[in-house]
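Annotated in Swiss-Prot:
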DOMAIN    3-148  domain 'Clp R'
REGION    6-71  region 'Repeat 1'
REGION    84-148  region 'Repeat 2'
REGION    161-342  region 'NBD1'
BINDING   Gly208, Glu209, Pro210, Gly211, Val212, Gly213, Lys214, Thr215  ATP 1 binding site
REGION    343-546  region 'Linker'
COILED    393-525  coiled coil
REGION    556-766  region 'NBD2'
BINDING   Gly606, Pro607, Thr608, Gly609, Val610, Gly611, Lys612, Thr613  ATP 2 binding site
REGION    767-879  region 'C-terminal'
Amino acid sequence: MNIEKYTERSRGFIQSAQSLAVREGHQQFSTLHVLKVLLDDNEGLAAGLIDRAGGNSRAILKATEDALNKVPKVSGGGAGQIYLAPELARTFDAAEKAGEKAGDSFVTVERLLLGLTLEKTSEAGTILSKGGVTPQNLNAAIEALRKGRTADSATAENAYDALKKYARDLTQAARDGKLDPVIGRDEEIRRTIQVLSRRTKNNPVLIGEPGVGKTAIAEGLALRIVNGDVPESLKDKKLLSLDLGALIAGAKYRGEFEERLKAVLQEVTGSEGTFILFIDEMHTLIGAGKGDGAMDASNLLKPALARGELHCIGATTLDEYQKHVEKDAALARRFQPIFVSEPSVEDTISILRGLKDKYEQHHGVRITDSALVASATLSNRYITDRFLPDKAIDLMDEAAARLKMQVDSKPEELDSMDREIIRLKIEQEALKKESDAGSKSRLQTLEKELVELEEKSASLTARWSAEKNKLSDAQKLKAELDGLRVELANAQRRGEFQKAGELAYGRIPELERQLADIEAKENSGEMMEEAVTANHIAQVVSRWTGVPVDKMLEGEKDKLLKMEDSLGKRVVGQAEAVHAVATAVRRSRAGLQDPNRPMGSFMFLGPTGVGKTELTKALAEYLFNDETAMVRLDMSEYMEKHSVSRLIGAPPGYVGYDEGGALTEAVRRRPYQVVLFDEIEKAHPDVFNVLLQVLDDGRLTDGQGRTVDFRNTLIIMTSNLGSEFLVNQPEGEDTSAVREQVMGMVRGHFRPEFLNRVDEIILFHRLQRSEMGRIVEIQFARLQKLLTDRKIVLTLDGAARDWLAAKGWDPAYGARPLKRVIQRYLQDPLAEMILAGDVKDGDNVAISSEGNVLTFNGKAPQTAEIAQFEAPASKRKLN
């Protein structure tokens, strides 16, 4: 016996058999050990051959194990020393001779099994013979497995049944009802069939964005082949999906991968056109399996593709096709591209309606039609970095999974009741130990309460169980119905019309009636939701994108008509600006503005401290329920020419290329927010060139070539240009003349093509003395909020409010001096009083003014004399 003449798998089995003999304490290494490890093999090569040869592999394995249990065991000093049984040596000789006779260079696993049958005097040979496995039958099974191939390498077994190992039969999956229905895509499927029907280069490649349904087209073709809805040239074909991962996995030695792929190609080409190979992610062929001097997978495919022997359908994305396949012109010319475009929202709704039954059956909940429409429309509007129908299907799937999880969990009402029962039982046990009258009285009351709660809990639990059972029964019926429909389709294909009639007019209608009865039973006051609605879809969108659900589902008219009132609570004295912003947003939301532009783009002009940035924060909070839903860029940081790359990311080859830009990354991660360009006039002119595309098309390409969507952002730019005209404007004077002066300065600084793209240029006027009181109240409310946790309540009377307003008013500096006044005269004394213990948690503090100081509960603060606050330039006008 020359072990080098055995294949790797044969050697592995011989070593495993030897280890088994040692482990069991047997003195002889016999044919029984070899047969046992051959039949224990996970891949089942030997077991499969025995079954093909007319034997029963399970019965033979049982007989082998029984025989091994009867073999004497050796323990003590002689244990571990084993000897080769003479019949096993003869078995190896017989296997080698059988291999040589068949033209093999190596002894394979099946020859080893054949050797066991040829050595009839051995125990294993006897078991196989009794099991009905003869050398003649086994030889015939081996020939059928090998299909004329000889074992020329140490990994020869990898080539057996290569398609079963490395490919998935899509046509069989279609027959078994394991494929989702394919709705639409008729044009692409027809074009694929057309290319497959060509004489040469009959290999289509489906090219499209991720998630548009390329793989679904291949599955649709498999369904059509099964249903006979294809030309004669494609009838009875088998569509096989190649698993490149399985081909590469475990290929340790050089040439092993090529051998596996070659075996697949030989089976496909040897079938004389019966098999069509589908290669998903086709670009992975390029370089797959390539090592030192080895050929990659694509080079092995080229000859068969060019001759038309190999029918192949590829699928890859546009980017990967351009990056990998187009560079290899010899491979690209052998494929005929078929471009798969993204379906429209209407087509997506049709696709979802076709898939609905499968998802209802899987999750065990109902999916309403409004949920399907919401999935398509909301995903199209709000999830911009992915493609239909994939993103819409994901929405529907996740919403159904979320509802199913809620259905399986205990309802909140029942859960809180059960927790209350546990709490009362603990109290009951504690009261039983007390002997006073009060405790006994409380115990009686508690026991009555406990009985009532337990009865109510039992009733609710019964209701909940009934509702769960109803859903479970419906799910089982749907699964059974699905199986019967697959059975009906197969019966019709096979021409078994009696069976088809029984199914179509008997069992299926009966199950449909039962299902309708279950779904018609409406429980009064259901404890849990049983159907996925548009609201559930909106909640999932909210979790994915950060858009508040209530804002999306609230009526647009009601929401937007309240806008001025809401913004006016935070921004004082700028009614014109608030109105201009509200009308622009209303115009955008009403669909009267180009949907491919941002929601709105505004330029706020005015002096410092009048509420430009505050209005931006108020907008973010109102539109997105979150003041932080805003990316703020201080344009004083973008004064140099090279700083433009910080906005959109460094170009390839520069440091920071992988990091992305400050603007593009912020919007890409959170597409729904306010974008604030503060002090826009300080930016370098090249920054405005970048913004032109954003303002006009609502999109921007970053340094890595990704398109970032700005259509759902609100763009605001603030500037102090012309503020001196606004500050010096006398109260009550017409603003049109001042506006012209300000706009003259703006036009002198910004280029016309930039200004022309801004929706509104809004003037903020200086704050009037009469408006300061409201600002004091807003600032005071924020201070009160800081003390909420301490339960300290502040009250501010009119005199104190007027005192603070007078101290903080400055026409040149707006409301910012007021913030400093409140900090100095209100917050600082309060902080010292809290630290000194004069004001404790839960106290009420009344703030008033006496003379030139504020009093706290009638007392002036016990601190060093507070210096008079001189508001800078209160009387001075800016030149």
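Including glycine, each Cβ sits where the backbone N, Cα and C put it.
Here the features listed in Swiss-Prot are painted onto the structure.
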{"residue": "Gly208", "record": "ATP 1 binding site", "contacts (Cβ under 8 Å, 6+ apart)": "Lys214, Thr317, Leu318, Phe339, Val340, Ser341, Glu342"}
{"residue": "Pro210", "record": "ATP 1 binding site", "contacts (Cβ under 8 Å, 6+ apart)": "Thr317, Arg386, Phe387, Asp390"}
{"residue": "Gly211", "record": "ATP 1 binding site", "contacts (Cβ under 8 Å, 6+ apart)": "Arg386, Phe387, Leu388, Pro389, Asp390, Lys391"}
{"residue": "Val212", "record": "ATP 1 binding site", "contacts (Cβ under 8 Å, 6+ apart)": "Val340, Ser341, Glu342, Pro343, Phe387, Leu388, Pro389, Asp390"}
{"residue": "Gly213", "record": "ATP 1 binding site", "contacts (Cβ under 8 Å, 6+ apart)": "Val182, Arg185, Val340, Pro343, Ile351, Pro389, Asp390"}
{"residue": "Thr215", "record": "ATP 1 binding site", "contacts (Cβ under 8 Å, 6+ apart)": "Asp280, Ala315"}
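Same-chain residues with CB within 8 A of the center of the Gly208, Glu209, Pro210, Gly211, Val212, Gly213, Lys214, Thr215 CB atoms, the ATP 1 site residues themselves not counted, are Ala216, Thr317, Val340, Glu342, Phe387, Asp390. Cα spacing between Gly606 (ATP 2 binding site) and Glu209 (ATP 1 binding site): 47 Å, rounded to the nearest whole number.
Neighbour density for Glu209 (ATP 1 binding site): within 10 A of its CB lie 17 other CB atoms from the protein chains shown. Each of the binding-site residues Gly609, Gly611 was scored by the other Cβ atoms within 10 Å of its Cβ; the lowest score goes to Gly609.
In this structure, Pro607 is the one among the binding-site residues Gly606, Pro607 with the smallest number of other Cβ atoms inside 10 Å of its Cβ. In the predicted model, the region 'NBD2' (556-766) has a mean pLDDT of 80.
DSSP assignment over the domain 'Clp R' (3-148) gives 98 helix, 6 strand, 42 coil.
In this structure the C-alpha atoms belonging to Thr613 (ATP 2 binding site) and Glu209 (ATP 1 binding site) are separated by 40 Å. All protein chains shown were included, and the count of other CB atoms within 10 Å of the CB of Thr613 (ATP 2 binding site) stands at 17.
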